[in-house]
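Under the heading active site, phosphocysteine intermediate, TrEMBL lists Cys141. Positions annotated as compositional bias 'Basic and acidic residues' by TrEMBL: 1-10. Summarising the annotation, TrEMBL assigns domain 'Tyrosine-protein phosphatase' to 48-196. The domain 'Tyrosine specific protein phosphatases' feature in TrEMBL is assigned to 117-175. What TrEMBL records for 1-29 is region 'Disordered'.
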Amino acid sequence: MSWEETDRGFASRSKLPSALKNESEDNYEPPNLSDLHRLLWTKAESGHVDQVWPNLYLGDAWTARDKATLQRLKITHILNSAHGKFNINTGANYYKDMLIHYYGIEAFDSPDFNLSVFFYSAAKFIRAGLNTPGGRVFVHCAMGMSRSATLIFAFLMICEKMTLVEAITAVSPHRNTSPNAGFLGQLQELDRSLMQERKQ
């Protein structure tokens, strides 16, 4: 099945198994790290880039540097979560010959790095890209598994109103991901915070 031309195969919030919704709002608590790790790695094989949500692509540095692939996928927006001289140093100038909107976050794949300060700005950029007519968003880091995956989970939680379990369950059939323990902890905190907001 081609993920480029159809939304079929993507789990909507209403279609997720009830056991994975984990939504007893009165005393909601995100799953522990070991339970989250079991949910993350379910796809047999991942490519350089995979569509993980309608018009939203998750991938690696190879794809970020391959303009032919980006053009074939009709990418209009790129979020580089490994921006900077010591990471994947593409930047807006790298894509100046393409109609690409670029947003770079200089994040490091370390459990001590606070990626959560970028959750809302990244979600806003992804939402704006998807709301653009014909918009297709590519989010990447070095491997397309930790930093970039964390930002996509945060987007689904913030903009699609998913819990952390729902976000992981939506993405994992399409790509294996492996956020580090620090990033998972930050997503757990986001999960708690969003649940509290929705109770009010």
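Cβ atoms here come from the backbone N, Cα and C positions, even for glycine.
Under 8 Å, Cβ to Cβ, and six or more positions away along its own chain, the residue listed as 'active site, phosphocysteine intermediate' finds Asp60, Ala61, Asn80, Ser81, Ala82, Asn87, Ile88, Ala107, Asp109, Arg147, Ser148. For the domain 'Tyrosine-protein phosphatase' (48-196), the model's pLDDT averages out at 96. Across the range of the domain 'Tyrosine specific protein phosphatases' (117-175), the DSSP-based residue counts are 36 helix, 4 strand, 19 coil.
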